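To start, the structure under review is shown below, and the notes come after it.
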Amino acid sequence: MDPGVEKKKQQMELVDVESGGLPVERQDSLFREAVRAEHAGAAHWDEQDSWGRTMSLAFQCVGILYGDIGTSPLYVYSSTFEHGIGHPDDVVGVLSLIVYSFMLFTVIKIVFVALHANDHGDGGTFALYSLISRHAKVSLIPNHQAEDELISGYSSSGKPSATLRRAHWLKQLLEASKAAKISLFLLTILAIAMVISDAVLTPPISVLSAVGGLREKVPHLTTDQIVWITVAILVVLFAIQRYGTDKVGYSFAPIILLWLLLIGATGLYNLIKHDISVLRAFNPKYIIDYFRRNKKEGWVSLGSILLCFTGSEALFANLGYFSIRSIQLSFSFALLPSVLLTYIGQAAFLSKNPKNVANTFFAATPISLFWPTFIMAIAASIIGSQAMISCAFATVSHLQSLSCFPRVKILHTSKRFPGQLYIPGVNFLLCVAACVVTVSFKTTVIIGKAHEICVILVMIITTLLMTIVMLLVWKINILWVALFFITFTSTEAVYLSPVLYKFTHGPYVPVAMSVVLMVVMIVWHYVHVKRYKYELEHTVSTDKVKEMLESHDLKRVRGVALFYTELVQGIPPIFPHLIEKIPTIHSVLVFISIKHLPVPHVDTSERFLFRQVELKDYKVFRCVARYGYRDSLEEAKDFVVTLLENLQDYIRDVNLYTDEPHTISAHSSCNHSFSWEKPSGRYAVHAEDMLTPIESFSEITALSNYGSDRLPHFKASKMNMEELAKIEQEQMFIEKEMEKGVVYILGETEVVVRPHSSLLKKIVVNYVYSFLRKNFVQGQKMLFIPHRQLLKVGISYEI
């Protein structure tokens, strides 16, 4: 006998009496998982508490998070005083607005409140929606499984009774109301569309502002020449995206840090040299005076003033691998003083030189520092643009996990940092759009007006989602929630009003782009949901599967077949269609469902759920492979190896462990429930929460990650050597069939509407969706399936 097989057999026979009959190997692995999880959590907090690591993260996040917001002083004053400065005190009034707007929205809301709403290190609108989705079933796709709630980090602990009742009421409201689900979904994709539009506008306005500084030294440069220099830089910026930014933290941080020191020092110099009295702006009285003096013009200028906190949404969305304390530390001691000093210094300069408002930043720069400042401005604007482009890539990747965007090719540019993505198709479209915007608008004033609506709409939606998170997830006192909601919705509504007033002067551009993006997302998601419901309604019954497998016309061939389906409940209707056309199945058949959960990551030990389909002798299994929205799909070869190893473990577990009252099988009762202890608290999962009892997966798989004391009874002591050998033979059978070859079966589903459907539905499904499906990446490329091992099965659904 093979030594490896003999060793495996000995391990199966070895039983620890003190552990109540658990096999030593199995028990050790479970305890190892539990201990590793506990130590990982402890290490995480130790690292957060370590000043050395905090300082290192604070240094890195300067390069990744602050490029966009750190370059806003390049264009805020020129955009605000588009028609010149009417009164000397207007500069002080605008400075006061800038200071308090920046403090309210960026410092208080984002840095000291919103960052705490991160989803295990992920921030942004999508992370907020993900948090809400885990605490209330708001997804429009009916694929929820109770086992998903056992994933590490999925659920949260309880809170005081009053807040818990309020959260429960809100949870019921969101789950019961289809309108609430759709509204939440539309708000989320609107914010996402605005972020992608922002990624189109940020590079032009940042780079154009920096390049415009050349006029201080080369006054004969025309606007068109400035524009084409900007376009050349933008093309280079987008061209280098393919090389990734895995070292961006250390390589860009010194540049941004030097930039912040430079503009801060320049601001301090201008304050001392020109007019120290502008410090009066810290008195909010000057805001009232500014509006009283300028009336409508003052109100309209709010749209440009809000550009001072552009980049705040990127700061939140690109939270990534940084701790909250490292961001707050670097923000408070690096970005905040530098940016405020820059705005104050520019105000002091403008109070003495009001005619230089069109190019305030470079006009206020000392002559001896012009060229270093110009070079640093170009570098900082490129880095700031890089942050928004990376944010757009991550956003598109998240949209695919939500089934809201057509398939696109996603490349991971770093093995060390899984979140570093490059999407060639999206990069090309962003580049073209950014160049078109630059050539069309030519000036930062008009691009700034277009930029305004992206910034303020994302802020408003963030406020709305944050309010739901506070009630549903944080469960904090209602007075704090009311204070947050009233303060920020009222002030953000004030800032939104002038932006809408100037709608035809620029904001229509990102709105138009966002509408196109939202149409794509809505159409794709709508058809996906309809197709999923159709397959759910037409799942193949257990009796039908049994009848097909026992048919004399059905032939068995050697090897393993992986049948990909989006359906996580039951056998899809395309399977009998395949058997009808090709009455052959492989020795081992596994129905694979790739499912994305509303968590950033799913540990590989929790990835797979298995269930054996009747009849047992036919080796037909169903498997759900679960991924977080930041997890990347493995290469097909690696995926198959991991999957089949877990399948062998499942075969072992399902035979070694049994506990009849608690085992969920094809014959489980609908009203049966079970519960167990998890280290962070007690979680009860009820079988009635499952979509259908015959589609529940093995409790063994779900429980194997939470401690040996909750595992079903181990029965190896009752099994004879013959039964143990049979288990081993089943495992070896899977391994041998894999060596014979693996075939990937992929359904090519054509979706059309019924003949008597409405004209709108026909346009949406038969034309728009069909166009998107045919012109984007096919499924086998997304799943990295080798073309020579692929078998496609076509079928048409009428919805």
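The count begins at 1 with the first shown residue.
The backbone N, Cα and C atoms fix where each Cβ goes, and this holds for glycine too.
Noted in TrEMBL for the protein shown:
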{"type": "DOMAIN", "residues": "57-545", "note": "domain 'K+ potassium transporter integral membrane'"}
{"type": "DOMAIN", "residues": "559-799", "note": "domain 'K+ potassium transporter C-terminal'"}
{"type": "TRANSMEM", "residues": "91-115", "note": "transmembrane segment"}
{"type": "TRANSMEM", "residues": "182-214", "note": "transmembrane segment"}
{"type": "TRANSMEM", "residues": "226-244", "note": "transmembrane segment"}
{"type": "TRANSMEM", "residues": "250-272", "note": "transmembrane segment"}
{"type": "TRANSMEM", "residues": "299-321", "note": "transmembrane segment"}
{"type": "TRANSMEM", "residues": "327-349", "note": "transmembrane segment"}
{"type": "TRANSMEM", "residues": "361-383", "note": "transmembrane segment"}
{"type": "TRANSMEM", "residues": "421-441", "note": "transmembrane segment"}
{"type": "TRANSMEM", "residues": "453-472", "note": "transmembrane segment"}
{"type": "TRANSMEM", "residues": "478-496", "note": "transmembrane segment"}
{"type": "TRANSMEM", "residues": "508-527", "note": "transmembrane segment"}
### For the transmembrane segment (421-441), distant same-chain residues with Cβ under 8 A (at least six beyond the ends)
199-201, 203-204, 208, 227, 230-231, 234-235, 238-239, 241-242, 244, 389-390, 392-394, 396-397, 408-413, 447, 450, 506, 509, 513
### Query
Hey, does the transmembrane segment (182-214) touch the transmembrane segment (226-244), meaning at least 3 C-beta pairs closer than 8 angstroms, sequence gap 6 or more?
yes
### Query
Cβ pairs under 8 Å with the transmembrane segment (361-383): which stretch of 91-115, 250-272, 453-472, 478-496, 508-527 has the most?
250-272
### Stretch with greatest number of CB pairs under 8 Å, the transmembrane segment (182-214) reference, 91-115, 299-321, 327-349, 453-472, 478-496 candidates
453-472
### Task
Restricting attention to the domain 'K+ potassium transporter C-terminal' (559-799), give the mean pLDDT.
73
